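Everything below concerns the one structure shown next.
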Amino acid sequence: MLFNSYEFIFAFLPIVFVIYFYLMHKRLVLGAKAFLVFASLFFYSWWNILYLPILLSSVLFNYVFGTILSKREFKKTFSKKSVLVFGIVANLCLLGYFKYADFFISNFNIVSGSSVNLLHLALPLALSFVTFQQIAFLVDSYKGYTKENDFLNYCLFITFFPQLIAGPIVHHKEMMPQFASKWNMVKRYKNIALGLFIFSIGLFKKVVIADTFAVWATAGFDNAVTLNLIEAWATSLSYTFQLYFDFSGYTDMAIGIALLFNIKLPI
């Protein structure tokens, strides 16, 4: 489900917004948070539900390690730093497995003359951003900058759908106090207006600018052999601007959506 899709704009987002603030209005804070986590997991699963267990396993693993690292009294069986290093390495191994397993198998086959079958792994959606956000959480827990003992809050921190797919990467201490603030538990019409305005800017960047450059870039790459110098430069620049406005537009939309829920993501 993309931010610029009809099902997101006209179905998912309005429904989540209304139910979340209805639960908040009834002072069902835990219910509102649980619903937002559920909605975020539904949003993630729309792409491929088979990768949901990987996301949930990663969340549980890092919650446990973050809780251990945030303790003041620490058993000396393992040093605190060794636990941090293990947590970081485990996260990177999970990410590396999906990103580079086929790459290493291919190179192994070339060097050794073997014919090991490729795994044909697809990188699970959002795994890179989720991994680095959770590594940042582990480091912050190790340094004593943050502490989270509530699993529901941690799930919300990681899976909050506006920033789940492609960031921006946020620190726990930046985001979770906003969910705890009583002023953010009610609809704030100033934030709603500003959020919709920023979302509209991002939507314009994506749909009008980025997608237009994408048409030109695709046409150029499809006829790369016949391009002259000017056409080649035009194709290259079109692809560059497509990437820039695509990511910039997505970021604006994420910031705008989060603001609807009174959450200010870092710019």
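Using the three backbone atoms N, Cα and C, a Cβ is placed for every residue, glycine included.
Summarising the annotation, TrEMBL assigns transmembrane segment to 6-23, 50-70, 82-98, 118-139, 151-171, 191-208.
For the transmembrane segment (6-23), the list of distant contacts is 29, 31-32, 35-36, 39, 43, 161, 186-187, 257, 260-261: same-chain residues at least six beyond its ends, Cβ to Cβ under 8 Å. Contact count against the transmembrane segment (82-98) (Cβ pairs under 8 Å) is highest for 118-139, out of 50-70, 118-139, 151-171. Non-local neighbours of the transmembrane segment (151-171) in the same chain are 16, 30, 33-34, 36-37, 39-41, 43-44, 55, 59, 62-63, 66, 125-126, 129-130, 132-134, 136-137, 140, 145, 179, 247, 250-251, 253-255, 257-258, 261, 263, 265-267; each lies 6+ residues outside the stretch with a CB under 8 Å from one of its CB atoms.
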